Structure formats: C-alpha cells, structure tokens
Amino acid sequence: MLNLLYNQIFNVILNDVPTPYNTYFQDSATPNQEGILELHDNIMFYLLVILGLVSWLLFTITRTYSKNPIAYKYIKHGQTIEIIWTIFPAVILLIIAFPSFILLYLCDEVISPAMTIKAIGLQWYWKYEYSDFINDSGETVEFESYVIPEDLLEDGQLRLLDTDTSVVVPVDTHIRFVVTAADVIHDFAIPSLGIKVDAAPGRLNQVSALIQREGVFYGQCSELCGTAHSAMPIKIEAVSLPAFLEWLNEQ
C-alpha cells in the first residue's frame with residue numbers, strides 16, 4: 001500500500017493512450033508535439049480573454065439598454081470604438097498567426113534523418129519498410145501490421161489499438177516517416193508524437209520525429225477509408241539504441 005502511494009506521489013505516469021472522458025492532449029514525446037501543446041495553450045488564453053470581454057460588453061449593453069432604451073438614439077457614429085474593434089482583433093490575429101506559421105514550417109522540416117521508415121496504408125492494415133537496413137537475404141526489413149482481434153487480446157492490451165507487430169525505433173534519433181497508400185486515402189496519425197500526415201495513392205508525404213523518451217505510442221488511421229477503418233491502429237515502440245540494434249538483428 002505504501003509503495004503504491006509512493007509511486008502515485010513521486011512517479012510521473014505519462015498518458016500515451018486515449019483514456020475515457022479525457023478532454024486534453026496525450027503527453028508529448030517529441031518537440032513537435034510540445035510546440036503544438038504550447039501553441040494550443042497560448043491561443044486558449046487569448047480566446048478566454050476575448051470571451052470574457054465580449055460577455056462583459058454584452059451584459060453591460062443589455063443592462064444599459066433595458067434601463068433606458070433611447071439613451072443613444074441620436075448617436076450615429078462612434079469613431080473611437082470603431083477604431084478599437086477594428087485594430088484589437090487584427091492585433092490578436094497577428095499574435096496568433098505568427099507562432100502558428102512558425103510551428104507549421106518547423107513541423108514540415110526534415111532535419112538530416114538518421115533513418116527512414118516507409119509506412120504504406122492498405123485496406124485495412126499498415127505495411128512498414130525500413131529502407132536503410134538489409135537483412136541476411138539481401139532484402140529490406142519490412143513487415144505488415146494488423147489489429148489484434150478483440151477475442152485474442154491478452155491482459156493489458158488495448159482494444160482497437162494493439163497490433164500483432166510494432167514499429168520499433170530508437171530514442172533521441174531523427175527519424176523520417178515516408179507515408180503513402182496502395183489503394184485509397186488513409187492518414188498516418190500518432191497524437192503523442194505530433195504526427196498526422198495523409199497517405200495518398202501515388203504520392204509520397206514525409207514527416208520527421210525525434211522521440212525523446214522510451215515508451216509505446218499508439219495511433220490510428222485518421223481518414224475514413226472503408227468499413228474496417230477503425231481497425232487500422234498504429235503501434236510504435238521507442239527503445240534505447242542497443243535494444244533497437246538487438247531487435248534489428250532478429251529481423
């Protein structure tokens with residue numbers, strides 16, 4: 001009991017999976033997702049300020065009008081207030097827009113990737129290729145990843161999220177994901193990593209990730225792609241570099 005209490009107080013339990021009634025983001029594991037969280041929190045501050053100001057104005061005007069309906073009957077222009085309600089929203093939009101564009105372009109940058117993983121969406125599973133590595137047969141390391149049926153789930157496994165094979169990657173390594181599809185449009189999305197990129201047939205899209213901690217991160221296809229769209233989970237295991245090399249030798 002004391003050990004459980006100690007762990008709850010002093011150990012940080014990170015949320016890397018969807019949880020019931022959760023109204024916020026999953027915990028970030030990459031700089032991109034940290035930037036998204038910071039941008040969201042900053043924008044929410046300005047939205048709350050605007051909400052408070054508009055609510056106060058609405059309440060004040062309604063109360064004043066109810067007391068004296070003809071108080072401003074002969075006022076046709078209010079140059080000062082017109083200048084304020086034109087400039088103030090423009091300034092707010094600029095304050096929001098600049099960080100948004102900076103983050104948008106930073107997320108699109110692929111900085112000297114140490115390894116490339118190709119993710120191919122198919123109805124209704126994912127196929128992965130480690131293009132930089134060749135096995136003993138002289139072929140690139142590749143495998144398919146299917147959702148584990150509900151009746152085969154073991155204790156601790158997640159419904160519609162766990163897969164029979166995982167994408168294993170090393171931490172603190174610049175990784176490039178090249179995403180495409182072989183049939184219809186899919187979407188490769190992992191919330192904790194700040195990744196969401198379309199997988200379109202005949203088109204290669206790329207996104208980078210620098211995973212900063214070990215863990216298991218889940219995602220799903222985020223583009224309606226057919227009857228089994230919900231059965232296209234993504235499971236990424238971030239491990240230490242020695243553990244990754246050991247896994248690679250087994251392939």
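Don't overthink the numbers, they just go from 1 along the chain as shown.
Quick reminder: no glycine exception, Cβ is built from N, Cα and C everywhere.
Summarising the annotation, Swiss-Prot assigns signal peptide to 1-15 and lists similarity to another entry as the type of evidence.
Annotation comment: Swiss-Prot describes 16-41 (among others) as topological domain 'Mitochondrial intermembrane'.
For 42-62 (among others), the entry in Swiss-Prot reads transmembrane segment, with the evidence type sequence analysis.
Positions annotated as topological domain 'Mitochondrial matrix' by Swiss-Prot, on the basis of sequence analysis: 63-82.
The transmembrane segment feature in Swiss-Prot is assigned to 83-103 (among others); the stated evidence is sequence analysis.
As a summary of secondary structure, the topological domain 'Mitochondrial intermembrane' (104-251) carries 24 helix, 69 strand, 55 coil according to DSSP. Residues or ranges marked as topological domain 'Mitochondrial intermembrane' in Swiss-Prot (evidence: sequence analysis): 104-251 (among others).
Counted within 10 Å of its Cβ, the other Cβ atoms near His186 (Cu cation A1 binding site) come to 30, all protein chains included. Under the heading Cu cation A1 binding site, Swiss-Prot lists His186, Cys221, Cys225, Met232, citing similarity to another entry as support.
For Cys221, Glu223, Cys225, His229, the entry in Swiss-Prot reads Cu cation A2 binding site, with the evidence type similarity to another entry. Every protein chain considered, the tally of other Cβ atoms within 10 Å of the Cβ of Cys221 (Cu cation A1 binding site) stands at 26.
Annotation source Swiss-Prot lists Mg(2+) binding site at Glu223. When Cβ atoms from all protein chains are considered, those within 10 Å of Glu223 (Cu cation A2 binding site) total 19, not counting its own.
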Run through the topological domain 'Mitochondrial intermembrane' (16-41) and tell me, per DSSP, how many residues are helix, strand and coil.
11 helix, 0 strand, 15 coil
Residues near the Cu cation A1 site, His186, Cys221, Cys225, Met232 excluded, by Cβ within 8 Å of the Cβ center?
Gly121, Gln123, Trp124, Asp187, Ala199, Gln220, Ser222, Glu223, Gly226, His229
With neighbours defined as other CB atoms within 10 A, the best-packed of the binding-site residues Cys225, Met232 is Met232
